[in-house]
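Written out below as structure tokens is the structure these notes cover.
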Amino acid sequence: MWRLYRKTPKQLRNSVESCFKSVNSRQFSVSSFSAVAKDDKSVLKQQEVLHLLAKDQRFEERFFNQVQQTIRYFASKPNDLKKFFRKEASTDNKESSSSSDKKDSKGNKGEDNNPFNQFPGGWQQIAVSVGILLALYAFMDYQSYREISWKEFYSDFLEAGLVERLEVVDKRWVRIVSSSGKYAGQTCYFNIGSVDSFERSLGAAQHHLQYDADRQIPVLYKSEFNFKREIPNLISVAFPLLFGYYIYRMLKGGGAAGGAGRAGGGGLGGMFGGFGQSTARVINREDIKVKFADVAGCEEAKIEIMEFVNFLKNPQQYKDLGAKIPKGAILTGPPGTGKTLLAKATAGEANVPFITVSGSEFLEMFVGVGPARVRDMFSMARKNSPCILFIDEIDAVGRKRGGKGGMGGHSEQENTLNQLLVEMDGFTTDESSVIVIAATNRVDILDSALLRPGRFDRQIYVPVPDIKGRASIFRVHLGPLRTSLDKTVLSRKLAAHTPGFSGADISNVCNEAALIAARDANHEISNKHFEQAIERVVAGMEKKTQVLQKEEKKTVAYHEAGHAIAGWFLQHADPLLKVSIIPRGKGLGYAQYLPKEQYLYSKDQLLDRMCMTLGGRVAEEIFFGRITTGAQDDLQKVTQMAYSQVVKFGMSEKVGPLSFETPAPGEMAFDKPYSEATAQLIDQEVRDLVMNALRRTRDLLLEKRSDIERVALRLLEKEILNREDMIELVGKRPFVEKNTYEEMVSGTGGLDENVELPKGLENWNKESEKKKKDEEKKKNDE
């Protein structure tokens, strides 16, 4: 407090300290204050001020009244206050000030009637002055008061007979008015719980000290405004009001949220990171290194996206036929199939502005931010039209309305979705060339109004690549890798060994192969590194240091041998590539199969898959007479396959040709779409189906018991067996197999993916000749 006090202007300190002296000496008046204001030498030391204040017990009342008189004096004589804020008060200034005072007293009609506008700083200087006075008042009030306990009051005042009267202030504390004693020069007080308890305690104390009626201590009850005690209450009321006013000024200064694009950057947006402004970014074409040549495995989807770019580059080609440019397209498909990569390639190839934003960026903690950002985003897009607007993960904002989950954030999400619908195709939507492209892997949860033609005219499905698509993707990712292998042959081989892999998985395999080669200090990548990379992606990291007991290792060997033999002698099971008892990931063993490219499955094919999956558990039971927990994952897979046959595919005779919708993994099922009786029937059918597969597997493995034992012993010896080892141990599979890339793609129209463009898109990346001529003519005219 005194640090703030010492930083005040010298004249103001002089006047305040002289004011303190005048109050305590009972000689203060407005005229004396005016005289003191002109005296630069009347400065008291801090200790003297405290000493003078401590002598006067009624300082609080008189000083607070004097603050009010001081403010009134400042208002009537602003020129006196002007001296307080000057570094040096010269004689000329004093004379001019006195002359101006005379003019003011006589009344000068030519000056402003508002006294606060007649000196520099105006209200700000008065506020600072009053604040310093009130702060000093609270500080001095704190210095002159001393809190004591009831015991001290009893011993130092009541027993000594020094109490003149007691003042109960606001029914909360008691001020002691005494003539002299131990605490001379200070006002002592103590807090009370309630007035009733205080009166009982005081009466008992006076009775104990045998105070007669003449000596009874008078008690006064009064209410006072104590600035120091009311500061917390004032702050609790003033702070929310000031904060609300500050927010209002920020909003007013920043303009209507989203209404003016990015013009209102100085308002609340600066404090809350954009607030109503869109976080969409305009991508510079030179910053994007991805081109359409880098996108493979989804040629149909790529052609669709190329056509959108061609709409903007050569619109006349379509307008001549009366066609309208589509409003937008939504890319759907499983994760990792290249939806965002297609958008990046579009940004790298298009000669029009490309604006990108994430769906989650629309929703913030403030209500109304989402719709405001949608408006601002489309305002930006229209200013840059023709352009492409890409919204990634649109399911964050485009969920179906009226769903079950929600509360307050759900309503905000719906408002944002409504604004998005209006901006894409609403009453005020113009015909500007803004194409919206969105991406999501949860198209099933999107609102139907968002997917209708007129908003997203096309739904482009980007599937997991087939064997030809995988070969094309491998060629792209093998390009920068250092290897002496033929990359075309290698890409086809790897494509055959990675069924079901997405583009992201293939990219990860190539990168892992390079990392493994670098770890082994090799100068190039070989076949071995790619095989290890595939195993790492499929089954996890190899754990050679994990210690297995001899009995556990033997159990794992027979378990994996059971899988291998069951799959080897079942016609519709997948061909075996490799089996290992080296722990990987969460499993203690690992078997790699080669599934064929197949989209339709019969009941017999699904049954063979179930039998192959149960082979490990049955082998443990046959050779050890017991079962272990190692088959838990196998049982989960078998149960899922059985339920799918009964509930989804209608392959149960008792349940009939019915298909019920089941919740997706991770979703909660609040109710079942069938009755309890049907549920019991389904459970019984699933149990019968699994038990039938178990009996069939047991019969097969009992017949091939010697083959299982040979494979298990070789696994304990070598730990890893490949297809050639299996042929050596048990002979060739008794079924026709397709193991090479050429065998798998035979009869599909060629070895490689068809990348031929439609005739209308052959020049998609070239400006139309007419447009070029118009631009050249315009330049010549200029």
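Keep in mind that glycine also has a Cβ here, set from the backbone N, Cα and C atoms.
Residues HIS559, HIS563 are recorded by Swiss-Prot as Zn(2+) binders, and the candidate that the same record lists for that site, out of ASP466, ASP486, ASP634, is ASP634. Of the candidate recorded positions, HIS559, GLU560, HIS563, ASP634, the one lying closest to GLY333 (ATP binding site) when CA atoms are compared is ASP634. Within 8 Å of the centroid defined by the CB atoms of GLY333, PRO334, PRO335, GLY336, THR337, GLY338, LYS339, THR340, the record's ATP site, lie the Cβ atoms of ALA439, ASN441, VAL462, SER502, GLY503, ALA504, excluding the listed residues themselves. Under the DSSP three-state reduction, HIS563 (Zn(2+) binding site) is assigned to helix. For the topological domain 'Mitochondrial intermembrane' (140-230), the number of residues in each DSSP class (helix H, G, I; strand E, B; coil) is 35 helix, 25 strand, 31 coil. Cβ neighbour count for ASP634 (Zn(2+) binding site) (all protein chains, 10 Å cutoff from its Cβ): 18. Checking each of the recorded positions HIS559, GLU560, HIS563, ASP634 against LYS339 (ATP binding site) by C-alpha distance, the shortest gap belongs to ASP634. Close to GLY338 (ATP binding site) in the fold, though at least 6 residues off in sequence, lie VAL295, GLY297, CYS298, ALA301, VAL462, GLY503, each with a CB less than 8 Å from its CB. Spatially close to PRO335 (ATP binding site) yet at least six residues away along the chain are ASN441, SER502, ALA504, judged by Cβ distances under 8 angstroms. Long-range Cβ proximity for THR337 (ATP binding site), meaning a same-chain Cβ under 8 A and a gap of 6 or more residues, is found for GLY297, CYS298, VAL462, PRO463, VAL464, PRO465, SER502, GLY503, ALA504. The Zn(2+) site is defined by HIS559, HIS563, ASP634, and by the 8 Å test on Cβ atoms against their centroid, the other residues of the chain that qualify are GLU560, GLY562, GLY589, ALA591, THR613, LEU614, GLY615, GLY616, ARG617, ALA619, GLY630, ALA631.
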